[in-house]
Each structure stands twice: as C-alpha cells, then as structure tokens.
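Asker: Okay, these came from TrEMBL:
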DOMAIN    69-245  domain 'Amino acid permease/ SLC12A'
DOMAIN    380-658  domain 'Amino acid permease/ SLC12A'
DOMAIN    672-789  domain 'SLC12A transporter C-terminal'
DOMAIN    805-1041  domain 'SLC12A transporter C-terminal'
TRANSMEM  64-84  transmembrane segment
TRANSMEM  96-121  transmembrane segment
TRANSMEM  142-174  transmembrane segment
TRANSMEM  198-217  transmembrane segment
TRANSMEM  224-245  transmembrane segment
TRANSMEM  373-398  transmembrane segment
TRANSMEM  419-445  transmembrane segment
TRANSMEM  465-483  transmembrane segment
TRANSMEM  519-537  transmembrane segment
TRANSMEM  543-565  transmembrane segment
TRANSMEM  577-601  transmembrane segment
Amino acid sequence: LFCEGALLAVSCSFSQEEMDTRPKVSLLLSRLANYTNLTQGAKEHEEAESIGEKRKASKSPQMGTFMGVYLPCLQNIFGVILFLRLTWVVGTAGVLQALCIVFICCCCTMLTAISMSAIATNGVVPAGGSYFMISRSLGPEFGGAVGLCFYLGTTFASAMYILGAIEILLMYIVPEAAIFRSNNEDGDGAAMLNNMRVYGSIFLLLMSTLVFVGVKYVNKLASIFLACVIVSILSIYTGALVSAFSPPTFPVCMLGNRTLPTHALGDGHCAKMVTVVMPANEEANVTANAASPEPTEVTTKLWTHFCQGPEPNASCDEYFDQSNVTQIPGIPGLSSGIITENLWSSYLSKGEVIEKQSLPSPNIPHSPSSRHLYVFADITTSFTLLVGIFFPSVTGIMAGSNRSGDLKDAQRSIPVGTILAILTTSLVYLSNVVLFGACIEGVVLRDKFGDSVQGNLVVGTLSWPSPWVIVIGSFFSTCGAGLQSLTGAPRLLQAIAKDNIIPFLRVFGHGKANGEPTWALLLTALIAELGILIASLDLVAPILSMFFLMCYLFVNLACAVQTLLRTPNWRPRFSYYHWTLSFLGMTICLALMFISSWYYAIVAMVIAGMIYKYIEYHGAEKEWGDGIRGLSLSAARYALLRLEEGPPHTKNWRPQLLVLLKLDEDAHVKSPRLLTFASQLKAGKGLTIVGTVIPGNFLHSYGDAMAAEQTLKHLMEKERVKGFYQCIVAQKPREGINHMIQSSGLGGMRPNTVVMGWPHAWRQSEDPQSWKTFINTVRVTTTAHLALLVPKNISLFPTNSEPCTDGTIDVWWIVHDGGMLMLLPFLLRQHKVWKKCGMRIFTVAQMEDNSIQMKKDLATFLYHLRIDAEVEVVEMHDSDISAYTYERTLMMEQRSQMLQQMRLSKSDREKEVSDFARGWDLCEHYVELCIGSDDDDDTDHRRVHMTWTKEKALQVRAQSGSNTPEGDHSNVRRMHTAVKLNEVIVNKSHDARLVLLNMPGPPKNPEGDENYMEFLEVLTEGLERVLLVRGGGSEVITIYS
C-alpha cells in the first residue's frame, strides 16, 4: 500500500485487509461509475468495438459481491410489474392473498437461488449462466431445451418491458401522442392496443439499433437506470410515511358505491348539479329567473352522461336518480385504517364496475350493455391469473451467475449476493403490499390505469414529493430493463449455438468481427416483435413466466440429481443446500406453472419436449459429465443387480443377440445383411451386441480394433440397431470368438442367442479354417447353452426397405428344443418387412402315426400359444437308399479308403440295403443329426424334447430284429435322411419367403466335421432363404399367461 500526501496518515493506519473490506470513498465512487449490468462477454465486445485503439492488457476480475452480483440482481428483479401492476394485484386479491402470491413467488426464487448457488460454486461458470449450469449438470438435451426456454423467456421479457414503457409514455407522460383514437368508449381498448403495437415496434427498432451499434452505450446507461429504480422505490416509502401526517389530495368521485373516472368529467365537478351566479344578459339553460344575477343551480357534465339532456327534469338513468354523488379520498393515509377494507379479495369479471362495498347504494344491478361513465374491469381476474402476471417481477436472479467471469471470488459472491438480493426484493415487495393496502383506497387499487385519480399512475399518487418521480423513474427503468434483455438474450442464443448441440442454430453462433451476435440479435428482435404485437402486458407476462419457471424447475432438478447421486465431482463450496429444498423448489415451480396458466404450461412443456427429442436424435453428441448420465448409470446398476437375482422366467424370455460379423482386409463388413436381419428380428428393441474378431496382438493392433469398432458403430447407425459393439483381438479367430461368447454382456443382460453367417463357398476354399471355425462356434454355443441362428444365403434376405408383400414363413418342426422355431416367426412378423407374410408349420409323421390326430393336437397347441399359423402334417415312407445318396456320400468322403469300401457289387449293395433300411426310419437318422452324435452325454442336462424320441426308434429297430452295426454305414444313413427330408422341404416350401429348420449338431469326432458340413448343404439344397435354428436347451415360449 503506497501512502502519499494528506492521505498518508489516514491510509497507512488501516491494514490491507481492512482496505479490502472497507474501501476508500474515492475507490467506491470509481466502482459505482464503472458499474455495468451487462452479461459476461459484453464488456469484451465493447472494447473490441473501438477500432484503432490499442488492445489493453487484460485485467484480473475485480468486482466484488455488492457491485458484481447484488446490484445487477436488484436491478433485474425490480421491474415494470412493481410500478404498473402491484397496486392492482393488491386491490384485486386483497392484502392477505397478495402477501400469499408474493411469498410463494419469492420462496420459489429463493429455493432456486440456493440450488443455483450450489451449482455455481461447484466449479467455474463461463458465459451462458443458467444455460451452462443446466447443460453441464443435466446433459445437452435438457440444457438445450431449457436454454432455449430461458432464451425465449428473456426475449419475451424485453417485449414486456417495452410494452410497459409504452404504457407509461402514452397514459401518464404524453397521452396526446396517441396515434389511434376512438370516438366511443367501446373502441378505446382497441385503439390503445394499436398504439402499443406502433410505438412498441418503434421502440424495439431503436433499442435493437442501439445494441447493434455498441453495447458500450448500454453500459454507460446502466448506472442511470439503476439510480432510477432506487429513487423510485425510496419515493414510495417516503410517500407512505408522509401520508400518515398529510395525505396527498386525490379525491375519487363515487356515484352510490360505483367509481367514476375523474379525468373524464369534463368540467371537474363531482356533483349532479352546482350553484352558479349567471349574468343578467344571459339566458339560463334551466328554468330560472334571468332578470337578476342571483345564484342558480345548473346541471354538470356528469348529468349529461346519465340523462337524456341537460335539463333538470330530463329523464335519467334509474341508478343515477336513486344514488348520491360523493367524494372520498383516494389516498386516506397510513393512519386511516383503510387496510381493514383492503384485506379481502375483490375479483371481477370483464366489464364489471369497480365498487366500494361500504358505501350505500340502491339495489339496481348494472347492465353490461349500458356503457355509462364508470371505471370498469378490463379483464376477468382470478388468483391464478394474478400469479402469472406477478411472477416476472421476481425473475432476474441469474444476473450474478451470468457475470461469474468478472467477479473476484465468484464462488463466494454469487451465493451471498444473489440470496441477499432476493431477501431485499422480497422484503420490498411484501412491505409494499402492506403499505399499498394501508395507504390507498380499495377502488383506486383496483383501478389499473388510474382513471379514478385523474389518470395518474396509481403508485405515483403515493410517491413523494410528486407522482412524476415514479412516472419518470419507472419509464427509464423499464427502458433500461428492455435494453438489458435485448443485450443478454442474443448472447445466450450465441452460447447455445456455439455448443453445436442444435444443428439448425449454428448460423446464430456467428456475428461481427468482435464477436457481437448480429444474427442472434436479429432473431431476438423478431421474436420480441411477436410479443409487441400481442400489445397487452397482462397477456405477455404469463408467457415469460412459463419459460422462467421451467428454467428454475430444471435448476432445482439439476441440484437434486447431483446431490442424490453423490457424484464424486459434486463438491460445491456453498454448503447450505439439501436435496429436499431442491425438490420443494421444483414442486413449487411446477405448481406455479399450472396455477398461473395450465395451457401455457402445456405449450411450454411441449416446446421443451420437442427441442429435447430433436437434440437427442439430431444433435451433436456431447459428453459433459452430466447428472443424467450418472442417473442412468445408477439406474442401470440397480436394474442389473435386480436381474441377477434369478434366471428369467419363460414369459420374460426374449432374444438377446450376439451378432458375429467378419471384416475383410479393408475393415469392411463382409455380410452387412446379417445385421439387417438382426434388426428385423429385434424390431429395434432389446439387447444387441455386435462383435468381431481381429487376428493379431492387442499390443500392436489397438488402433485397428478402434477402427473396427467405428465401422461396427456406423453400420449399426445405418441399420438403426440400438445396441453395443465389441472388437476382440486374438491370435486365432476361433479363440477370439470363444472369448467373446464367454465374456459378452453383464449380469442378467448377457446374450442368449448367437447369430452368425454361413461360411460361403466353403467347398472351394483353400483354407479350411473358415468352416472349421464355424463348426467350433456351433460347439461353443451348445456348451454355453446359447441358442444359435444361422441364416443361409444371407445376401438374398430382404433389406429394411424391401418389405415382403405376400408369401409365407415356413417352419419345419422336426425336433422340439424349447420353442425357438415357434417364437422366431412371430418376432419377425412384428417388423414391417415380414408383417404381411403368413406362417405355416410342417411336421413329419410315420406310417404308424395318426396324421389327423397329430394335426388336431398341433393346431390346439398353436391356439394356446396365441400364434396364427397353418398346420400341415407330411407323411414320409420308408424307402430304399437311392443311387444318388451313394453318389453324394462318395463325393463327401473323398478318401480312397472310403471309395474302395463303397465300390460294391450290385448284389452286395442290395443285401446291404435290406440289412439296415428295415426298421431304421428317417426320423431316427435326423435325431442322430440333431443330437445323437454330439449331445448324447448332455441330453438330460439340456432337456431336449423330440417329436419322435430315440427310444421309440430303438424300439422299432428291436422289433425288426436288425443288429446291423451303425458305425459302418452312418454316413450313408445320414445322407439318406438329409436327401429325403430335403426333397420333402423343397416340394412344400420352394416358394416360401423364409424356411426355418432345426439345425443338427456337429459330430463328436472332429474328423467328421467336413461330412457334417456336407449334410447341412444337402439338407438345405434348393432353398432360397434358410434360417437354421438350434435351441439353447431352455423353454422360450409358454401357453400360460
């Protein structure tokens, strides 16, 4: 601290700490001179506008709590409603209900300020204020939706302030400036609205031009606007105290108990007749002696409004005849006790006369059609309407958080300054409610535009020393508030646009070279013009109430979510918060929205919901560590732990797919139709994991794995598959697939069905690893008790843009392994591609079976399953093994030793056929294909139920007395089964859109793998689209509800 001159002794006697907390007077005055109420970022734009000036070195933020937060919040909270509508709210709702309205609204903002303080002190809040807080706490979807709502609220606030300024100008300052006038009283309201539209548009154009030219001019006017607000409020308190001793003279003319507009009486006489002294040379307009100048009673202008002529004997209105004309003081004063009459509400309908119930009045109802000289209610009032109109007067609590970058200690200043500002304004509003009720006559309070007090602003009649203090002060303060809204709203829109979460708003992120949001200002002016065209302050106020309430609601929600989730990063310095307070504030906000205007509330929610869904589907992906993501993680953890409690019931079984895709050398998916089929099977719902395996070493192939995952991600987005993608790097693809099947999923959300493609052209492949990997995967899925789906000829399957207009889905039910064959066609038909396809179920009967009874039983079973399908039983007879079967077997084995064994004479072959063809039916061989070779030791554990059991086949064999060794001719027998069954399937289902078929299991001995592949080829030969299905060993469908 440097001490110089006369200040040496004084200044040096204070410590540095005291100088910080109690600055010198000169320093305080300089801070007041530099006071600004602009949002953060505007000051930088102001400096950039000075072309040719040297850039000043950036100074560290020096604004404290008082200048940086308290005064801006104070100026933003106090506004047009205080000066133009608070007296009307008190007179209409009564002192008690008005206190209730003010208290509820102030509680709402106080609880929101507590939540906002917690969020604002949990880190640095850059430009954007409330938008930044909500978006970083609740995510880009909520942030964008609420940010735009807050922007719209601020924009409509500028329209409301401009309308307030025009109302003050045309009604109380220069009424002669009105462009539109009406000859009758009925048209006065419409003419006034047109005046508001014209002058409002002019004011909006001038203010927008001022903001466009430079925010430095708005900055220089900020201290003047603040002074106007403070002086106006002080004059109200001074006038209330003075009224206790010498109330101001504002007489109110009453006809009976009905209020008359004083400024419209014409001659100023509040009486039916007055006594005047008429000159001798003039003729009186009444029956009087004109010869001598003596006092004469003449009728007043008031008489002509209610009577058919100026004559005393003219026919007059009945109520006028029976009522007395009196005068009552408009401002009885603080000590008058008028508060006892103003305690209770007096809600009126549009067109009703404002009355004072304590005055005597004849029992003659007022006809709505008669438009005599009374003061009428211009709108229908209710408690809910007054809440919506008053609430904008408590908004503006975000002014401190919007300026956090200019504060010396934002984490201390924002909570203290905002809460102190809310306490101050709440105290002012509550005390003003009581003062208005205690000082002003009730009929004057209910007179919105001051017609009963000579057209003066009602709150101005109470101010001291003159009503002009309030009129001029409120006019400049509303103009300043409008300028601030037009300055802040474009910057808020610019902050949203620069975040790039809403694509169509990107253009509004650009502006002038200095960063001034030109395009955003243009859009703001256009939206504000819509509010100007409404032209009614009482209609615009509830609109911006909705948007501000929604913003405050989500601020409270953000604080509550972060507190309940106990996020590690949630460490606010402001510790006087609790999640119950946030929920209470959120509840009050929601209640106020529907109390003030339920239809506006629904519209605001629909707008926010549409913006939310738009950002969710089309917006840029952002990861801001928001609370909604944390909430999703907590919900997912809870759900996974619940799913882990036990295996899913049959009724809850649904295919959770693991789709195995193969990539080529260029990291392109070889069979993208496989994912298309999976999306059709899932109809876009349920768990889907898309996996691939890259051969190599993970230490050197990490980049390739990431590129492969991006390929899978883009394919999933293209096919609109909601799910996860996974890439495993392994030395051998077989090992990678094994690891993926074992480790995919988490808890109860593990895949239960594997989808993989058929090895294309496996016969011609020089490398046998592809089909060997395929058979190994079949074995692994069987061991893991997972279902397996293998689409064959996948390139012929329809895409999502190629719906099948007709045709059938054919199911060949040979072995029952849990009901997969029944469930899959039902799931496919839920998708638009397969929706118009019928369903047919085929089963095979032997000679000794009752085909008719089998068909009835199967139809009954399908009826109980609630599945619509045609049923057909196909009879297959025992037959000799054809030469074609032998030929296919020879081609299959391809070993010289087997060729020698199969080269038999014709007689030997006939003898061989007679030995084993008898008693071994086709079903036994298909059973061997399905379970016999690989699953003998696992059948009981998998609980596989066959249409014809192996025991039955063995029983038939025993009855036939055949003891032919099975192993010598197993290949021929299996080939014979595949050929005969294929003939039947092709005959019945050659024109089917899709054929579902049980997939036989691979042999136990790996030496027969190639034979197994050949069997499958023969089984599906001649079919266009085939889906081989192998169940997981558990029931997936039930007849019970």
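For all residues, glycine too, the Cβ spot is worked out from N, Cα and C.
For each listed feature, how buried is it and what is near it?
Answerer: In the predicted model, the domain 'SLC12A transporter C-terminal' (672-789) shows an average pLDDT of 85.
Outside the transmembrane segment (96-121), and at least 6 residues removed from its termini, the chain residues within Cβ reach (under 8 Å) are 89-90, 130, 133, 137, 343-345, 383, 386-387, 390-391, 393-395, 397-398, 401, 404, 410-411, 414-415, 418-419, 422-423, 425-426, 429-430, 433-434, 437, 549, 552, 555-556, 558-560, 562-563, 572-574, 576-577, 581-582, 584-585, 588-589, 592.
Nonlocal intrachain contacts for the transmembrane segment (142-174), taken as residues 6+ away from its ends with a CB within less than 8 angstroms of a stretch CB, comprise 79-80, 83-84, 128, 130-132, 134-136, 192, 195-196, 199-200, 203-204, 207, 392, 395, 449-450, 455-457, 460, 471-472, 474-475, 478-479, 481-482, 485-486, 488-489, 492-493, 495-496, 499, 501-502, 524, 527-532, 534-537, 540-541, 543-544, 546-548, 550-551, 554, 558, 604, 607-609, 611-612, 615, 619, 624, 626, 628.
Within the chain, the transmembrane segment (373-398) has long-range Cβ neighbours (under 8 A, six or more residues past its boundaries) at 73, 75-82, 85-86, 89, 92-93, 97-98, 101-102, 104-106, 108-109, 112-113, 116, 129-130, 153, 157, 160, 189, 255, 258-261, 264-265, 302, 305-306, 345, 347-354, 366, 418, 421-422, 425-426, 429, 443, 446-448, 451-452, 538, 541-542, 544-545, 548-549, 592, 595-597, 600.
Same-chain neighbours of the transmembrane segment (419-445): 65, 69-70, 73-74, 77-78, 82, 86-88, 90-92, 94-95, 98-99, 102-103, 106, 109-110, 113-114, 117, 233, 236-237, 239-240, 243, 247, 250, 252, 254, 259, 328-334, 336, 338-339, 341-343, 346, 354-356, 375, 393-394, 397, 400, 452-453, 458-459, 461-462, counting only residues six or more beyond its ends whose CB sits under 8 Å from a CB of the stretch.
Sequence-distant neighbours of the transmembrane segment (465-483) (same chain, 6+ residues past either end, Cβ-Cβ under 8 Å): 37, 75-76, 78-80, 83-84, 157-158, 161-162, 164-165, 168-169, 172-173, 203, 207, 210-211, 218, 221-222, 224-226, 228-229, 231-232, 235-236, 456-457, 459.
Residues 80, 84-85, 152, 155-156, 158-160, 162-164, 167, 193-194, 196-197, 200-201, 204-205, 208, 211-212, 486, 489-491, 493-494, 497, 507-508, 510-511, 543 of the same chain lie 6+ residues outside the transmembrane segment (519-537) yet bring a C-beta within less than 8 angstroms of a C-beta in it.
Long-range contacts of the transmembrane segment (543-565) within the same chain, counting only residues at least 6 positions beyond its ends with a Cβ under 8 Å from a Cβ of the stretch, are 108-109, 111-112, 114-116, 118-119, 122, 130, 133-134, 137-138, 142, 146, 149-150, 152-154, 156-157, 160, 388-389, 391-392, 395, 531, 577-579, 582-583, 585-586, 589-590, 592-593, 596-597, 600-601, 603-605, 608, 627-628, 630-631, 634.
Among residues of the same chain six or more beyond the transmembrane segment (577-601), those with a C-beta under 8 A of the stretch's C-beta atoms are 104-105, 107-108, 111-112, 114-115, 117-118, 383-385, 387-388, 391, 542-543, 545-546, 549-550, 552-553, 556-557, 559-560, 563-564.
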Asker: Give the residue counts of the domain 'SLC12A transporter C-terminal' (672-789) per reduced DSSP state, in the order helix, strand, coil.
Answerer: 54 helix, 24 strand, 40 coil
